[in-house]
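The feature transmembrane segment is assigned by TrEMBL to 22-40, 60-78, 85-104, 110-133, 153-170. If you look up TrEMBL, you'll see 23-201 marked as domain 'Cation efflux protein transmembrane'.
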């Protein structure tokens, strides 16, 4: 086992230090963008922007959990990913409810605010995605973090398209449609994260004690 400490374990420690630094940067970006998008969604009356702001909030929590489990035993990483999948699924249900409420109100949001903020959000997520790209094929926890960022970039572009639709039609339905799609995307990713985490947990349970 001494060889592990001088070779593989040393490499793992370097990887964890790099990953931790990236997660701190991602956490800061997501907290700031959550505040910006939440304020913008309330100002613009946009369900899609609200969905995007909730994504930023959820991701900030995900990064915080990921930082916590880096120093924990291996079994805690898939457990944390499992919990994050459940949280993502809950956010998806919440966004669907918000979209339904917006549909009942029927008031068109501010297309200019939606478009401007979605571009800023896309740029912010692009920075995070570049930083996380090297870790996308890691364990369930690393994979869940990558999936969150990838989905957020898709969501930003969808909000931008919704802004164009609202501007062109003067209707709230493009905003509502995009918010609903983002919710379904979040639910799909949540299922994938939970499934991947369960596979890792089953593999860990199958290992003999002391392995």
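We number each residue from 1, going along the chain as drawn.
Positions of Cβ are set from backbone N, Cα and C atoms, glycine also.
Just so you know, TrEMBL annotations never went through curation; they're auto-generated.
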Long-range Cβ neighbours of the transmembrane segment (153-170) (under 8 Å; 6 or more residues past either end): 46, 48-49, 51-52, 55, 108-109, 111-112, 114-115, 117-119, 121-122, 125-126, 129, 177-179, 181-182, 185
Most Cβ pairs under 8 Å with the transmembrane segment (60-78), selected from 22-40, 85-104, 110-133: 22-40
Intrachain neighbours beyond the transmembrane segment (85-104), with Cβ under 8 angstroms and 6 or more residues off its ends: 45, 47, 50-51, 54-55, 58, 61-62, 144, 148, 172-173, 175-176, 179-180, 182-187, 189-194, 197
